[in-house]
Every structure is written in C-alpha cells, then in structure tokens.
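All remarks here apply to the structure that follows.
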Amino acid sequence: MKKKLLSSLGYGGAGVTLSFLLIVLVYPPYTPTRTLLPIYGLGLFLGGVLGSYKGKLNASGYAFIVGFLLTLILHLLWIKIEFSMLYSFSLLVIVVFVMGLVSAEDTLDVSIVPFAYFGGFVLASLIFMDFNMYEISGAIQSIILTGISGAVIATVVILLKSFLENTARLSKKI
C-alpha cells in the first residue's frame, strides 16, 4: 500500500510538472490561473492513476512530499513573519536529509525525482495563488529559487546515493 501511494505521488508530481510545461508552451502569460487549474488537476490525476497501476517508485514520492511541504512552509513563513532569503535557503537542508534517507528503486525513479519535486512545488504554490505574495519584498524570488534549487539538490543527492549503493553492491560481488 505504501509503495502504491508513493508511486502515485511521484507520478502525480511528474504529471503536474508536465502540465506546467504544457501551459507555459501553449497558453499566453496573461491567461488567468483559475482557467488553468483543470489542466493541473488532470495532470495530477492521470499521473496518480498511472502510478497506482504501473509504478514502483520510492524516492519520487518522497521528493513530491518534500517539495510540497517545503514550499508550503516557505509561503507560511513569508506571510506570518519577516523572513529572509538566507533562511529560506537554509531550509534546503531538509531536502538533503530526506533524500539522503530514502533509496531509489531504479533508474526511472531517479529520473522522475526532479519532476516530482517540482510538481509538489507547483501544487503548493497554487494553494496560495489568491494571496498577494508579490507585495512582500523578496518572497517570490525566495520561493521560486528555493523550489528550483530544491529540485536540483534532490536530484543530485538521489543520484549520489544510488551511485554509492550500486558501487557497494558491485564491490561485494568482486
């Protein structure tokens, strides 16, 4: 059950990311976000269904959860207290810690990690679409930079962990 849930979250995050890329490529920038919400929902739903039937992902599900929760925390911190960009980057330690604890199932799992993380980031940002974050100085830049760098860090950490696990497995065979 846990594997199916993590797999659904991983593929759902990838579906949200693909929806985001489709929206950026097809729709003009002045299109209201409310009209684009069904596309995000469809990407999340189709990715979740695909993950529940086909997938056996582990790290991608955790990447989606971390991307979603970290972005949610950043939005709440910027809304409630005077926050700084330096502190927002210090929250990326959570990404390193969580992604260092989990193991990827296979190469597909490793390759979906950045898409799942970014999907969690986009989904959490959509929750706060009606809040005027642009009025808070530095909030938008901090959240976007932390989201993108979090996806990169999650990918690097899971690649390094997979490399170390595979080399340890190969050295035992020798």
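One is the number of the first residue shown, and numbering goes on along the chain from there.
Placement of Cβ uses the backbone N, Cα and C atoms for every residue, glycine included.
Per TrEMBL, the feature transmembrane segment maps to 9-30 (among others).
Residues or ranges marked as transmembrane segment by TrEMBL: 36-53 (among others).
Sequence-remote contacts of a segment are chain residues at least 6 beyond its ends whose Cβ falls under 8 Å from one of its Cβ atoms, and for the transmembrane segment (60-79) they are 5-14, 87-88, 91-92, 94-95, 98-99, 102, 109, 112-121, 123-125, 127-128, 131, 133, 136, 139, 142-143, 146-147, 150-151, 154, 158. The feature transmembrane segment is assigned by TrEMBL to 60-79 (among others).
The transmembrane segment feature in TrEMBL is assigned to 85-103 (among others). For the transmembrane segment (85-103), same-chain residues at least 6 beyond its ends with a Cβ under 8 Å from one of its own Cβ atoms are 58-59, 62-63, 66, 70, 73-74, 77, 113, 117, 138, 141-143, 145-146, 149-150, 153-154, 157-158, 161-162, 165.
Among residues of the same chain six or more beyond the transmembrane segment (115-134), those with a C-beta under 8 A of the stretch's C-beta atoms are 9-18, 20, 33, 37, 40, 44, 47, 57, 60-61, 63-72, 75, 78-79, 95, 140, 143, 147-148, 150-151, 154-155. According to TrEMBL, the transmembrane segment annotation covers 115-134 (among others).
Among the features that TrEMBL reports, transmembrane segment is placed at 140-164 (among others). Counting residues 6+ beyond its ends, the transmembrane segment (140-164) has Cβ neighbours under 8 Å at 59, 63, 66-67, 70-71, 74-75, 78, 83-85, 88-89, 91-92, 95-96, 99-100, 102-104, 110, 113-114, 117-118, 121, 125, 133-134 in the same chain.
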